[in-house]
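Residues annotated as compositional bias 'Pro residues' in Swiss-Prot: 179-191, 198-223, 278-290. What Swiss-Prot records for 292-304 is compositional bias 'Gly residues'. Taken from Swiss-Prot, the feature region 'Triple-helical region' covers 156-185, 207-263, 268-333. According to Swiss-Prot, the region 'Disordered' annotation covers 161-345.
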Amino acid sequence: MAKRARLRLILLAKLVSLKMSDEKEKRSLRPVAFVAVVFSTVAITSCLITFPLILHYIQTLESQVQLDLEFCQARARDMWKEMLDIETGGKKDSAKLANIVLNHRRLEKRDTLQDFWARRLHDQELRDQPVGYDNPSVGVESFNSEGGGCCTCHRGPPGPAGDGGRDGADGVDGTPGEIGPPGPPAPPGPDPHSLFPPQCPCEAPPGDGGPPGQPGPDGPPGAPGNAGEDGKPGDQGPRGPPGIPGAPGQPGRPGPPGEPGTYKTEVGPAGRAGAPGRPGPPGQPGPAGPPGENGKGGGQGPSGLPGPPGQPGQNGAPGEVGQPGDNGAPGSCDHCPPARLAPGY
């Protein structure tokens with residue numbers, strides 16, 4: 001029994017301590033959960049706001065770049081038109097245009113990236129605007145084969161060798177060569193003592209002492225010292241908390257029988273008056289009394305509940321035509337895309 005009681009007390013104490021610790025943990029985790037919810041809400045809101053802004057910026061940048069490219073292409077075409085007009089004198093001569101194209105083709109191997117794109121734009125311009133053929137025989141030769149038929153390859157014979165190309169860029173520096181053999185010994189130079197006159201021997205007084213040097217590094221650690229004497233015993237600690245109350249002890253042995261009591265017949269003094277007793281039960285009902293007088297008439301009672309709704313009445317006559325409303329607000333062009341204009345406008 002005693003062991004069971006102790007176990008019950010220990011279990012109760014542990015349960016109480018666990019409940020207290022759980023409540024403390026819950027209270028400590030409440031602010032952490034609140035902060036986490038706030039930060040997650042802010043992060044999601046910022047993402048919902050920034051993603052559409054980024055997409056709008058990318059679309060605007062793409063449209064601007066496309067406009068710049070179209071403007072550059074248009075300006076390049078205009079420049080090529082002006083150059084062709086200057087070289088041909090404003091006349092659409094097929095022979096001159098063919099010579100210009102051949103001259104540009106000869107520089108194909110030496111063209112840079114800029115020349116390549118310029119040639120492409122020039123060819124496209126020639127395709128877009130075909131020239132007239134006033135004299136179709138100019139610059140055109142017919143080549144016949146040995147059998148007398150037309151040439152089927154549609155190519156002319158190879159032309160003469162072109163001019164020499166431009167000089168190439170300088171090559172990379174070569175690796176350094178090996179070390180050569182040592183050269184012959186150099187002739188002896190003049191004696192340095194002969195350049196200066198002899199000096200008289202003299203002794204100067206010693207100078208002042210220099211400043212103290214910086215402290216040297218720390219020395220190695222010394223050997224361990226001897227063990228110290230044992231300390232004095234400490235003072236007596238405070239009294240500990242009271243322990244868990246023990247289980248109730250076993251009942252004691254029954255005591256010996258007591259001595260027989262004495263019976264006294266003397267009458268003692270009269271005691272104090274007792275408290276009043278409880279009230280008795282109710283009596284039987286009495287006879288019926290005479291009838292009372294008639295009461296006065298009552299006042300008007302409250303109003304009753306409203307009745308059901310009646311049938312709908314007939315439609316009224318049509319009203320007069322109302323006055324015309326005010327003019328609406330003028331429309332805006334916020335929903336329209338930006339106009340495609342060249343840069344600088």
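Glycine residues also receive a Cβ, built from the backbone N, Cα and C atoms like all the rest.
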Residue counts (helix, strand, coil, in that order) that DSSP gives for the region 'Triple-helical region' (268-333): 0 helix, 0 strand, 66 coil
Helix, strand and coil counts within the region 'Triple-helical region' (207-263) (DSSP): 0 helix, 0 strand, 57 coil
Mean of pLDDT values spanning the region 'Triple-helical region' (268-333): 76
